[in-house]
Structure formats: structure tokens, C-alpha cells
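Worksheet: the structure to be examined is printed underneath.
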Amino acid sequence: MAPRSRRRKHKKPPPVIPMIEIPPTEVSPVSPALSKPGPSIDALGFISLDNNVPGLSQLILQKLNMKNYEEYKLVINGGTPVSSFGFRCQQEMFQKMEDTFRFCAYCKVLPHGLSNCKVLRHCKRCRNVYYCDTECQRSDWPAHRKVCRELRLVAVDRVMEWLLVTGDFVLPSGPWPWLPEDIQNWDTWFSMRGLQLESTLNALLGSHSMTMLWASLGRPRPDPDVLHGSLKRLMTDVLSRPLTLGLGLRTVAIDVGKTGGSTLHVVGASHVETFLIRSGDYDELGYMFPEHLGFHVIMVGVDVATDLLQSSSSLSLEPGTIQLSGHRALYHDFWEEQIETGILAHPDLVAAFHPGFHASPGLMEAWLPTLLLLRDYEIPTLITVYSQQELEASLQILVNLDTHIIACGANPFASLKPEQVYSNPNKQPVYSSAYYIMFLGSSPAN
């Protein structure tokens with residue numbers, strides 16, 4: 001993210017909606033009562049909430065004063081919200097968002113299903129799961145005790161993330177003072193940023209924004225070391241994608257110093273990836289390759305946020321700059337319309353963050369033309385997943401498609417921010433881009 005002096009000015013943040021990010025392993029068949037969302041991982045994720053907690057998706061819409069998912073999607077895409085949508089103050093916003101987590105983690109009952117003598121109370125340790133009575137909490141403890149500590153981090157991060165939305169949390173930036181080849185993981189990255197990082201975090205901890213944030217929640221502010229840790233986790237979550245792209249470029253030794261710059265495609269880009277993205281969010285990729293002559297990062301997917309959509313062909317790439325743009329389409333359609341026609345250059349690298357094609361036949365059907373295209377055109381391709389289980393399932397699919405796997409394993413630049421499975425809070429939290437796979441063309445002939 002660019003320093004404050006370089007960031008474009010933003011209007012007052014729009015009314016915030018809870019962004020529902022469901023790990024792909026939770027996506028399951030769509031209920032017949034709901035319209036088929038197509039190849040949208042965002043829509044599938046939202047609808048699948050009801051599989052674990054019946055009625056949860058409607059509770060979320062109710063708290064936002066919305067009738068259906070179409071209204072929800074309209075607003076997060078920048079459309080005009082219904083007149084009843086919005087929050088009168090920040091305190092109300094946080095309360096409404098917290099209300100969307102209010103269901104019994106054991107019996108799955110929602111607030112409207114409680115008897116008159118019962119009330120949902122949160123776990124006092126993590127403040128992140130709710131129970132309708134002590135019996136449910138006692139019965140759930142064997143499962144919850146395994147994740148309680150991590151879910152406490154999730155609860156803090158969920159609040160602190162608002163500082164990224166408002167722009168109060170500006171990540172440290174600027175050319176790397178160390179040699180790029182010395183930065184191999186988060187430990188070396190944090191060591192390199194050193195005093196600059198500590199100065200940024202300490203200034204934010206003592207800021208008026210931080211004070212008002214916790215005051216609006218109406219609960220005690222955590223200790224400084226807890227908040228410090230949260231800010232560092234959020235930082236890795238923002239920077240994980242650009243640095244993972246850099247990992248891909250390093251793996252296949254792409255010549256980033258070529259005339260005209262390099263083109264990177266992020267395929268299957270979700271709304272979560274592109275909502276509120278800022279021009280400086282990928283600057284760290286440039287610092288990773290100080291000799292680069294320009295990066296054009298194009299995000300392609302059916303859920304790309306409206307603010308990112310623009311005509312990529314009209315942008316001239318200046319040496320040393322990074323340009324972000326988006327196209328709302330399936331990748332193989334985008335390829336036919338933009339690449340085969342010569343409007344845009346062939347990509348040097350293609351990346352898919354959590355494509356989820358292993359989890360749903362519908363998603364696999366949508367991804368198959370893209371995977372075959374990338375294989376047949378021998379485009380270096382990077383894929384990230386949440387877990388070892390997803391890694392193994394995705395590898396098997398790619399092997400069955402006869403792709404040539406050139407690298408895979410734990411991602412040294414995985415996000416360190418734990419992600420709670422929304423409708424199944426006692427499921428082990430996952431971490432974005434925890435593992436990666438790279439393939440290039442077809443498997444060599446035996």
C-alpha cells in the first residue's frame with residue numbers, strides 16, 4: 001500500500017457490509033430452493049452458509065435490511081442500496097456485524113429460535129462463538145478448546161481490519177534496503193522493515209482512530225501486544241498476494257527487465273480480492289524486483305469489483321510502475337476477446353488464489369476450459385490453496401489433466417491471519433495462500 005502522500009484520495013467509506021469469505025472446502029451443492037449462482041465462488045459461499053446453520057444467510061440479510069443476495073451483491077458492487085440499508089453510526093455498524101455471528105455453535109439455533117428463557121452468550125475466552133445455554137457450551141468444549149485461542153485472534157483481527165478500510169492503517173512502503181534475494185519469508189521481511197515497521201505500528205496504536213475504534217465497540221481495549229500482533233497479521237494478509245506473485249516470478253525466472261514490462265493475470269478473482277483495492281497495494285511486488293520495467297496486473301473473474309473495471313488496452317505501462325485493472329468475465333472468454341485478438345499481450349504469469357475447483361463439480365466445470373488453455377499455451381501458472389488437504393486434492397486434479405507440475409509446497413508468504421469458517425466456527429481456522437502449486441504446460445512424455 002502506498003505511503004499516505006502517494007495514495008489517491010478516498011471519499012468517506014461507504015456503508016460497510018460483512019464480507020463473507022468462505023474457504024473453498026465449505027462450498028457444497030446449492031439448495032434447489034435457491035437460484036443457481038453459476039461459477040461464482042462468492043455466491044456459492046454465501047448460499048452454502050445455510051448448510052451448516054439453516055437460516056444464517058437470511059439473518060445476515062436481515063441485519064443489513066436487505067431482501068436477498070441480489071441486493072447484497074448490488075451494494076458491494078457499488079450500486080445504489082435500498083433506502084433502508086445503512087448504519088447511523090460506527091457503533092451500530094459493529095453491533096449489526098457482530099449480530100451476524102450470533103448462533104449457537106453447538107445446536108446451531110439462531111436468535112429467533114430461542115425460547116423466552118434463553119439468550120445467546122459468547123465464550124468469554126475468545127469472544128467469537130456463542131451458546132444458547134451452559135449445556136451446549138459444555139458439550140461443545142471438547143471441539144472448541146482446540147480452536148479457542150486462534151478464534152480469539154480472529155475476533156481481534158475482525159475489528160482491526162476496519163482501519164484498513166478507512167485508510168488509517170497505511171502499510172510501511174518504499175524500496176527494500178536489503179538485497180531482494182535475502183527476503184525469502186516473513187521473518188526476513190519483518191527484519192528488513194525493522195524500525196520503519198515499528199514506528200508505523202506504534203503510531204497507529206497511539207492514534208485517535210485506534211481509540212475511537214475500540215470506544216465504538218463498547219468493550220475493553222486489548223493489551224498493546226495483542227493489537228500489535230493483529231496489525232502484523234493484517235499486514236501479511238494484504239501483502240501475501242503480491243509477494244506470492246513474486247514467488248511465482250522467481251520460480252520460473254521470468255525476465256522482468258524486458259522492454260514493455262511484464263503482464264500478470266489473476267484469474268478467478270473474487271470480490272473479496274478486488275473490493276477496496278488501492279493503487280499501491282501491489283507496490284511491494286515492484287520492490288521485490290527493483291530492475292523491473294513495469295508490471296500490469298489484470299484481475300479477471302465474474303465477481304471482480306466494479307471500481308476495478310476499466311479498459312486495460314488504453315493504459316500505457318511506464319517503466320518501474322505497477323498498474324492494476326480488471327475484467328468481469330470467465331478467463332477463457334477473456335482470452336478469446338482480449339488476448340487472441342491482440343488487444344492485450346500474452347501473460348508472463350497467471351495466478352489463481354483459492355480457485356476451489358476441487359470442491360464443487362460446478363466450479364470444476366467452469367475452471368476446466370481455463371486450466372486446459374493455460375496448459376496448452378504453456379503459460380506459467382500459480383495456484384494457492386488453504387490447506388494440505390486442498391493441496392493434495394488440487395494436485396490430483398492437475399495430474400489427471402496431464403499438467404507438468406514444476407513446484408509445490410508451503411508458501412513462505414502465506415497470510416498469517418487466521419480465517420474463521422463463518423458457519424462452522426469450531427472448524428480449524430485456515431490461512432490464505434498457505435500452499436502453492438505451479439505448473440507449466442503438459443507433463444513430459446514418458
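Placement of Cβ uses the backbone N, Cα and C atoms for every residue, glycine included.
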In Swiss-Prot, which of 104-148, 149-193, 374-418 is tagged zinc finger?
104-148
Helix, strand and coil residues within the zinc finger (104-148) as assigned by DSSP:
15 helix, 5 strand, 25 coil
If the Zn(2+) 1 site is taken as the center of the Cβ atoms of C104, C107, C132, C136, which further residues of that chain fall within 8 Å of it by their Cβ?
A105, Y106, K108, V109, L120, Y131, D133, Q137
